[in-house]
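According to Swiss-Prot, the protein has these features:
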ACT_SITE  HIS101  active site
ACT_SITE  ASP104  active site
BINDING   GLU232, GLU268, ASP296, ASP339  Mg(2+) 1 binding site
BINDING   GLU268, HIS271, ASP307, ASP309  Mg(2+) 2 binding site
Amino acid sequence: MTSYFDKIEKISFEGEKSTNPFAFKHYDANQVILGKTMAEHLRLAVCYWHTFCWNGNDMFGLGSLERSWQKNPNLLAGAEQKADIAFEFLNKLGVPYYCFHDVDIAPEGNSVREYVQNFHHIVDILERKQVETGIQLLWGTANCFTNPRYMSGAATNPNPEVFAWAATQVFNAMNATQRLGGENYVLWGGREGYETLLNTDLKREREQIGRFMQMVVEHKHKIGFKGTLLIEPKPQEPTKHQYDYDVATVYGFLKQFGLEKEIKVNIEANHATLAGHTFQHEIATACALDIFGSIDANRGDPQLGWDTDQFPNSVEENTLVMYEILKHGGFTTGGFNFDAKIRRQSIDPYDLFYAHIGAIDVLALSLKRAAKMLQEETLQKIVNERYAGWNSELGQHILQGKTSLETLAQLVQQKDLAPKPVSGQQEYLENLVNQVIYS
């Protein structure tokens with residue numbers, strides 16, 4: 001097989017003093033931190049769609065990226081070539097996982113029969129490549145938003161035949177994920193929302209997507225899939241109002257349909273930005289609600305109101321993200337998937353390596369800094385002191401339901417309670433965090 005990235009053999013760890021652009025400065029896969037290797041902590045994955053499918057097009061211009069496999073008039077042969085190049089890239093980068101949508105890996109064809117045949121054909125190839133390389137599938141999913149049939153939604157579509165088509169794709173993608181040993185299955189409602197209530201039955205659409213998710217859970221148990229089901233929140237884009245706005249909204253949806261024990265969340269940094277939240281907030285919320293599953297690692301631009309899907313480059317932001325994950329015990333089946341794309345001016349094929357190497361080093365350094373914060377209890381001691389009153393008899397009685405509004409009102413009057421404000425010490429804590437990050 002001809003090498004596409006023939007200038008390099010394998011990306012390796014060379015340390016902080018290295019000036020080699022094709023080397024890791026901080027990511028040492030075998031370095032042990034808090035009892036696990038970096039590789040075990042981060043569980044890195046490359047996404048198929050942005051990395052191997054996007055041609056650099058945007059709303060204002062045609063594709064700018066030269067991708068030889070996209071020029072093949074035989075679309076299935078092009079998909080085979082794409083699989084070869086994808087696994088060459090994955091192997092040389094040295095990441096353990098990848099992720100895909102069904103139509104990322106295989107052409108959809110002109111009928112449902114062609115869709116199924118093409119998809120199964122490429123899954124056969126991916127299965128062989130996984131055996132050959134040891135690279136595994138972090139998660140699979142179905143693209144139920146690109147085809148025009150989904151312009152009014154998939155599970156939320158006013159036409160039940162479109163609902164059935166989406167079910168067909170998810171059925172096949174879940175089965176393929178199971179076959180390939182995928183550790184999760186993701187559901188992103190790309191067009192599960194609406195543009196205007198003038199033509200929308202909101203209650204009905206919520207019931208439709210609720211039933212769809214119940215069917216997904218039923219199928220998971222029917223086929224014996226041991227992985228985790230994940231919903232990926234996003235507030236808007238492509239629709240104006242998305243039903244899976246943020247982590248808290250998703251949790252309310254799961255509770256409504258009795259799915260809170262069955263489905264967790266896959267959190268994307270850029271989606272948190274669009275929702276008006278910090279990345280750290282979304283992860284902390286998911287951990288507090290016990291629905292934290294996996295991460296789509298990228299970044300957005302606070303000045304832009306759309307999904308820019310840039311590679312993560314902030315150690316400051318990701319140290320706090322990593323801190324929340326470590327506090328929660330780390331990933332189980334999830335990991336860091338780079339749902340990020342190079343800029344459309346980055347037309348050199350090796351820009352893909354620069355982007356991933358830099359992002360991986362950012363996560364590795366963030367992991368080291370977060371581990372130090374956790375070990376030294378940089379923040380936790382102060383947080384524990386701040387809430388110490390809730391460990392008192394009064395605090396425990398309130399939490400255990402042994403008090404009422406009336407008994408508390410009587411207590412305050414009897415003891416003439418006059419609690420004094422205590423400093424939140426935000427500036428001091430920010431200084432402590434910076435000391436760790438820049439040490």
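Glycine is no exception: its Cβ is also placed from the backbone N, Cα and C atoms.
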Neighbour count (Cβ, 10 Å) for ASP307 (Mg(2+) 2 binding site): 19
Per-residue Cβ crowding (10 Å cut-off), top of binding-site residues GLU232, ASP296, ASP339: ASP339
Residues close to Mg(2+) 1 site centre defined by GLU232, GLU268, ASP296, ASP339, Cβ within 8 Å: TRP188, ASN266, ILE267, ALA269, ASN270, HIS271, ILE295, ASN298, ASN337
Entry from the recorded positions list HIS101, HIS271 having the most other CB atoms no farther than 10 A: HIS271
Additional residues surrounding Mg(2+) 2, by Cβ distance to the GLU268, HIS271, ASP307, ASP309 centre under 8 Å: LYS234, ALA269, ASN270, THR273, LEU274, ASP296, ASN298, GLY300, THR308, ASP339
Nearest recorded site to ASP296 (Mg(2+) 1 binding site) by CA-CA distance, among recorded positions HIS101, ASP104, HIS271, ASP307: HIS271
Rounded Cα-Cα span from HIS101 (active site) to HIS271 (Mg(2+) 2 binding site), Å: 18
Nearest of the binding-site residues (GLU232, GLU268, ASP307, ASP309, ASP339) to ASP104 (active site), judged by Cα-Cα distance: ASP339
Secondary structure of ASP104 (active site) (DSSP, helix/strand/coil): helix
Recorded positions (ASP104, GLU268, ASP309), the one with most neighbouring Cβ atoms at 10 Å: GLU268
Candidates HIS101, GLU232, ASP339, namely the recorded positions, that fall within 10 Å of ASP309 (Mg(2+) 2 binding site) by Cα distance: ASP339
